[in-house]
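See below for the structure under consideration.
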Amino acid sequence: MSEPIRVLVTGAAGQIAYSLLLSIAKGDVFGKDQPVILLLLDITPMLPVLEGVVMELQDCALPLLRDIVPTDKEEVGFKDLDVAVLVGSMPRREGMERKDLLKANVAIFKSQGAALDKYAKKTVKVLVVGNPANTNCLIAAKSAPSIPKENFSCLTRLDHNRARSQVAIRCGVPATQVRNVIIWGNHSSTQYPDVHHCKVNMSGSELACFDVVKDDAWLKGDFIATVQQRGAAVIKARKLSSAMSAAKAICDHLRDIWTGTPEGEFTSMGIYSTGNSYAVPEDLIYSFPVQIKDKTWKIVEGLTINDFSRSKMEATAAELLEERDTAVAFLGV
């Protein structure tokens, strides 16, 4: 057995964490021979709820779970971390302007970035889930100058899984038969789900997505809108935001970092844009197609970008630039 790794989940009393913690603790993410110590951070009023979560984790009698540390203190939660999953954020309330939401979250992620910088290992892998995820991730990265920017990513795997699943349903195949969809840009309604490089396995033959679906209007219209608006559709139906699917996407994202992406496949994650070859502006956290090996991501190079895709990629970049500039202005406050 390896030494235990220290994994922090923030917002640990919330509904995404409730769907996530069991998978991490029983070895579905970091492997069946990797013991874990779970650090569970939440705000002080949530500590009684968190105590119930701790009881349940204890009652699962999990062989890999070596310790559980519930806390409301950053200096405890962020200490010597191998992995940080930043789920907790300020949710948008009715009547709240987007800039008010950004301001509240800048304060949270500036503080958590500083805590990572001060207490966590310099090799820590940081996944930001709390929305607006891309910009929160950028603020955390900027607030942790001693940790490499490439150690930070934000979750667009849920959008990636949604896109893959929509294509699979349309083609009448399991989602495993669909590979290399791409989510470009922001985890928001401007994101661009791109299937121009997507392959669908039909009866053993890999075919281009457009050739299998044979409905360009759907792929360039309703398909994109469905993926962009899926989070809102879940809230409308469930009266709660996506939790089960978000937790599954977090597990997929972290497992790919830990064990790598399959040969010939790429996934989507929000990463630091500086130095990319797709003319995406510098100094953003922007979702790209990536391949991962040895816990290091590389942007998939050389993909042809047509005019339709380019305009969509630029629109989501424009939103991210505006968000970044608003958030960075608050950083100095």
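Heads up, the Cβ atoms here are built off N, Cα and C, so glycines get one too.
Taken straight from TrEMBL:
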type	residues	note
ACT_SITE	H187	active site, proton acceptor
BINDING	D42, N105, V129, G130, N131	NAD(+) binding site
BINDING	R92, R98, N131, R162	substrate binding site
DOMAIN	6-152	domain 'Lactate/malate dehydrogenase N-terminal'
DOMAIN	156-330	domain 'Lactate/malate dehydrogenase C-terminal'
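Features per TrEMBL, on structure.
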| residue | record | Cβ within 10 Å |
| --- | --- | --- |
| D42 | NAD(+) binding site | 23 |
| R92 | substrate binding site | 15 |
| R98 | substrate binding site | 13 |
| N105 | NAD(+) binding site | 24 |
| V129 | NAD(+) binding site | 28 |
| G130 | NAD(+) binding site | 25 |
| N131 | NAD(+) binding site | 20 |
| R162 | substrate binding site | 22 |
| H187 | active site, proton acceptor | 29 |
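For R92 (substrate binding site), the nearest neighbour among the listed recorded positions (D42, V129, G130, N131, H187), judged by C-alpha distance, is N131. Closest in space to N131 (NAD(+) binding site), of the recorded positions given as R98, R162, H187, is H187, taking the CA atom of each residue. Take the Cα of G130 (NAD(+) binding site) and measure to each of the recorded positions R98, R162, H187: the nearest one is H187. Cα separation, D42 (NAD(+) binding site) to the residue listed as 'active site, proton acceptor', rounded: 23 Å. According to DSSP, the secondary structure content of the domain 'Lactate/malate dehydrogenase N-terminal' (6-152) in residues is 66 helix, 27 strand, 54 coil.
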